[in-house]
Amino acid sequence: MGSRWQMEKKHDPYYKKAKKEDYRSRASYKIKQLDKKFKLIKEGDTVVDLGAAPGGWSQVALEKVGEEGLVIGVDLNRIKPFPEENFHGIRGDFTTTEVQEKVMNLIGGKAKVVISDASPSLCGIKNIDQLRSIDLTNTVIGIADNILEPKGNLVMKVFQGPEYKDMLTRLKKKYRQVKTTKPPSSRKKSSEMYVVGLDFKPKKNKKSKD
């Protein structure tokens, strides 16, 4: 199984392209294609990358935001530092309050974009894997609710399951536009999809009456 996967990887055009163009992973082309289609990241933006290791998405985000922007990558695994000083890596579980507070402190305000190519730990049992995927998706949505500025953007990996449609319905109440897509660089065999939320509409705090 391992040798077959290695052979497929070597013949993968995006794997070869990433090696040639010095990207950390073939996943870099997913966010490049998503950004080209939806104009997610602009120069000067603050971007939070959830599940960032090895850093393929953060690498592209750094290119897009330029010197005036900021990219924060979070992952359980170590993210090898980038030469750019405007990248901050956090090693930890982004589903925990402690790590989320670290992100908030680094931002010092709100983020313009939340990106996530994170996948849950899969065990091969369909029902359990779907529940884990739903939990992870809900966590990413919740973090975006807390840290996105008005009109901010979200893009995240999802796997279709029983609660997929309900999740899209909820997102449509939070963002002016919600799109689903599968970029060309996603493997055809993969069941992954990407959900894009454009123009975040934060809940307005109700003023208490005197």
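Cβ coordinates are placed from backbone N, Cα and C, and glycine is handled just like the others.
The S-adenosyl-L-methionine binding site annotation in Swiss-Prot covers Gly55, Trp57, Asp75, Asp93, Asp117, and the record cites sequence analysis as its basis. Around Asp93 (S-adenosyl-L-methionine binding site), a 10 Å sphere centred on its CB holds 13 further CB atoms from the protein chains shown.
Taking the Cβ of Lys157 (active site, proton acceptor) as centre and 10 Å as the limit, one finds 22 other Cβ atoms among all the protein chains shown. Positions annotated as active site, proton acceptor by Swiss-Prot: Lys157.
What Swiss-Prot records for 175-210 is region 'Disordered'. Shown for the region 'Disordered' (175-210): DSSP residue counts in helix, strand and coil, namely 0 helix, 16 strand, 20 coil.
Counting only the Cα atoms, the space from Gly55 (S-adenosyl-L-methionine binding site) to Lys157 (active site, proton acceptor) is about 15 angstrom. Checked against Lys157 (active site, proton acceptor) by C-alpha proximity, the binding-site residues Trp57, Asp75, Asp93, Asp117 yield Asp117 as the nearest.
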